[in-house]
């Protein structure tokens, strides 16, 4: 025997659908066997999916897990390494990996290092393991680790001392910008340092606000990247180990994505998986003629198909003719269902009802917000009637400073751009236009000064700093946790910094009520950034 073949199942589990996941794993294992694979590896917790959250606490989980094992035992003549929930008679619950062949479990590994930071809270559910698992197959010595374990140098060193040749790493590692590259760079050095081959297999797919990019890879013991799977694609991949050369055969990697392309593909996949797995027949959104809704429309159409997307332009007195024209033209180019619904009657009715209560109070943002809420009411009405999911179109910059209207433009079940700064929105729109022969987003949408069009001649910069300045301050404050004085020391205007930070801090209540959206950064407005709504904390200077 000159070589053996490993199958890497870059798998997108349906969280909690244990029977379906197990059946699909059986199908993939059988397909791998047809391709003469000797071993197939699946992601972390692949039987139930990651993160299963409090589904892990359901009393009948163990029974369902045992049923899944019976399904998986049907597979013959190939070794399977897969993730599952291991519950002991003593009541301990582990994040585990099983090695199975011909229906026999050859070994079980319990994850040692349980992450409890950022989006992770595994200590809520699991106990840590302490033993290593090493198995020999086809004359080759394999070790098994699960996700966080590979980042613990002590855990990896302990395993390497057992003379393993290849470490199989099962992962459910969420995406953020730059993370696929970071994994490869860091683990390349580790493989050289410990003189072991690494097979890194990652989950793929969108799950609520998390994105799993896949981006699986194999690194030879000398640091050579032998295989690199595409990002954001569910597929079976194969790699051969040359026994004589003692290395995995080099396969040309998938073309690398630049940052903007990577972000765009991640948002498309996240939107597709959220809509489809939530059971919606399609989506609906307000198409204003502005860049945020234009980009959201493009992502939605790319994710689920233009025939399942409905866009509604809802003009009012302050809506420019340019906006109507651009929205109409984009809808035509993309082939989505499109309609125009005037909101004058709704807003006027609101005004007439409220005027007796307003008395002589001067007009202010209240009247502007009524326009946004009229639009939100229309979208939710259409959603209720036809069963389509409303997509919220706001971006991270606006959400950070509260430049949005509760129960207005914030309505919706999924906020596609929730973790995307406005400056990146522009880059994504330009990128999307390069993907088709005819640009789908009219050029004027990209080049016009942004405006909410809620009052005459309104521009976003009437209320906010220029977006390049705003986003730089926000990134320093949110992603980097820098203090007010540190940000000012970078050269930003003191009053501008104070205003931006004040807006961020006072709008936590709005963000809590917003729809979830895909996480692409290390500090999204979701699981990893949690501040009390009511608090007396003030900037340190």
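A Cβ is built for glycine as well, from the same backbone N, Cα and C atoms used for every other residue.
Taken straight from Swiss-Prot:
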DOMAIN    4-243  domain 'CN hydrolase'
ACT_SITE  44  active site, proton acceptor
ACT_SITE  111  active site, for glutaminase activity
BINDING   117, 173, 179  L-glutamine binding site
ACT_SITE  147  active site, nucleophile
BINDING   286, 287, 288, 289, 290, 291, 292, 293, 393  ATP binding site
BINDING   369, 398, 510  deamido-NAD(+) binding site
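Feature map: annotations from Swiss-Prot on the structure.
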residue : record                                : Cβ contacts under 8 Å, 6 or more apart
111     : active site, for glutaminase activity : 44, 94, 95, 96, 97, 122, 126, 128, 129, 146, 147, 148, 149
117     : L-glutamine binding site              : 528
173     : L-glutamine binding site              : 147, 179, 183, 202, 203, 212, 213
288     : ATP binding site                      : 313, 314, 319, 323, 327, 393, 453
290     : ATP binding site                      : 323, 445, 450, 451, 453
369     : deamido-NAD(+) binding site           : 405, 408, 454
398     : deamido-NAD(+) binding site           : 292, 404, 422
510     : deamido-NAD(+) binding site           : 399, 402, 404, 406, 410
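If you compare every pair of Cα atoms in 117, 173, 179, the residues listed for L-glutamine, the longest distance is 16 angstrom. Sequence-ordered, the extra residues of this chain that approach the deamido-NAD(+) site, with Cβ no more than 8 Å from the Cβ center of 369, 398, 510, are 372, 394, 399, 402, 403, 404, 405, 406, 408, 409, 410, 507. In the shown protein chains, 16 other C-beta atoms lie within 10 A of the C-beta of residue 179 (L-glutamine binding site). For the recorded positions listed here (44, 286, 292, 393), the lowest count of other CB atoms within 10 A around the CB belongs to 292. The record assigns 369, 398, 510 to the deamido-NAD(+) site; their largest pairwise CA distance measures 15 Å.
DSSP assigns residue 286 (ATP binding site) to a strand segment in the three-state reduction.
Close to the recorded L-glutamine site, the chain also has 115, 118, 119, 120, 174, 176: residues not among 117, 173, 179 whose Cβ is within 8 Å of the site's Cβ mean position.
DSSP classifies residue 44 (active site, proton acceptor) as coil under the three-state reduction. Over all protein chains present, the Cβ of the residue listed as 'active site, nucleophile' has 26 other Cβ atoms lying within 10 Å. Residues 286, 287, 288, 289, 290, 291, 292, 293, 393 make up the record's ATP site, and a Cβ search at 8 Å around their centroid adds 285, 294, 296, 297, 327 from the same chain. In this structure, residue 393 (ATP binding site) belongs to neither helix nor strand by DSSP; it is coil.
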